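Below is one structure, written out as structure tokens, with a few remarks after it.
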Amino acid sequence: MNKILNGFISAISFFTVIPFKGSYEINYYTVLFISAVGIITGAIAGIIFYLISNYSSLIAAAFSISFILLIYGFNHLDALADFGDSLMARGNAEKRQQVIKDRYTGSGGFGLVFVIYLMSVALLSYFHGYYGFLAIIYAEVSSRFIMVFSLYKTKAFGSGLGKTFTSIISDNKIIIIINLLPVLIISIFDVYYILAFVIVFLIMHLLKRQIINLYDGINGDIAGSLGEMGRFLMYFMLFIFLILKIKLML
């Protein structure tokens, strides 16, 4: 029981800037709770959105996305920028691996960051009140699960944290199942969520396969980037379903 509790606290400490006194060691029990961390961060960002959306949904969306970036210590933003740079690189897999690991950020990185987060704010600004609150939680939990699943049955390259996570996750179905539980639990609030999740998951799985071909594997930056893109796609799908529901009501 102590190992499980310590794993939960360690997951919060490792993946967020929330000041929990947990271990920063990456182990089996830490990765069990990656999706659960999404419930916490999503709920806080959702509350921010809910409180501000009564005055302006656009400002609420901007504050919520900013908070999400901040709560993760801007680590995933940095990963997305590195991935964007390497994606624009010409050459073979080895060349892309070199670019994603260097310290420079070029137009590809800035461009991808700009598109993903600007569009996320734009989509989220369409939601109001309680639906926006739930949409943020849905997207955050989905994002964390997609990040975990990207390292399942995967070849890692490099010697960073991505390789450490892959060594723990890659052949362990239990980790995938437990990280899927938060997705299933929160789906009771809206039947459209589980459909949106399935669509986004399939898209991201196909993208993962293409990325593995391009890079000859996956590292931590790519896993983080897939999570960020997964969040954006969840906002997009929930936006589409919201429009469809409004049209059906009319």
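Here the Cβ of each residue, glycine as well, is placed from N, Cα and C on the backbone.
TrEMBL does not curate its annotations; it predicts them automatically.
Per TrEMBL, the feature transmembrane segment maps to 6-24 (among others).
The transmembrane segment annotation in TrEMBL covers 31-52 (among others). Residues 4, 7-8, 11-12, 15-16, 18, 59-61, 63-65, 67-68, 71-72, 124, 127, 129-130, 132-145, 147-148, 165, 168-169, 175, 178-183, 186 of the same chain lie 6 or more positions beyond the ends of the transmembrane segment (31-52) yet place their CB under 8 Å from a CB of it.
Among the features that TrEMBL reports, transmembrane segment is placed at 58-83 (among others).
Per TrEMBL, the feature transmembrane segment maps to 104-124 (among others).
Annotation comment: TrEMBL describes 130-153 (among others) as transmembrane segment. Remote same-chain partners of the transmembrane segment (130-153), defined as residues 6 or more beyond its termini with a Cβ less than 8 Å from a stretch Cβ, comprise 31, 34-35, 37-39, 41-43, 45-47, 49-50, 53, 57, 60-61, 64, 68, 124, 162, 165-166, 169-172, 175-176, 179-180, 182-183, 186, 189-190, 193, 196-197, 200-201, 204-205, 208, 218, 222-224, 226-228, 230-231, 234-235, 238, 242.
Taken from TrEMBL, the feature transmembrane segment applies to 174-207 (among others).
The transmembrane segment annotation in TrEMBL covers 232-248 (among others).
Remote same-chain residues near the transmembrane segment (104-124) are listed as 49, 57-58, 60-62, 64-65, 69, 77, 80-89, 132, 135-136, 228-229, 231-232, 235-236, 239 (criterion: CB distance under 8 Å, separation of at least six residues from the stretch ends). Under 8 Å from some Cβ of the transmembrane segment (58-83) lie the Cβ atoms of residues 15-18, 41, 44-46, 48-52, 99-101, 105, 109-110, 112-113, 116-117, 120-125, 127, 132, 136, 140, 220-225, 227-229, 231, all in the same chain and six or more residues away from its ends.
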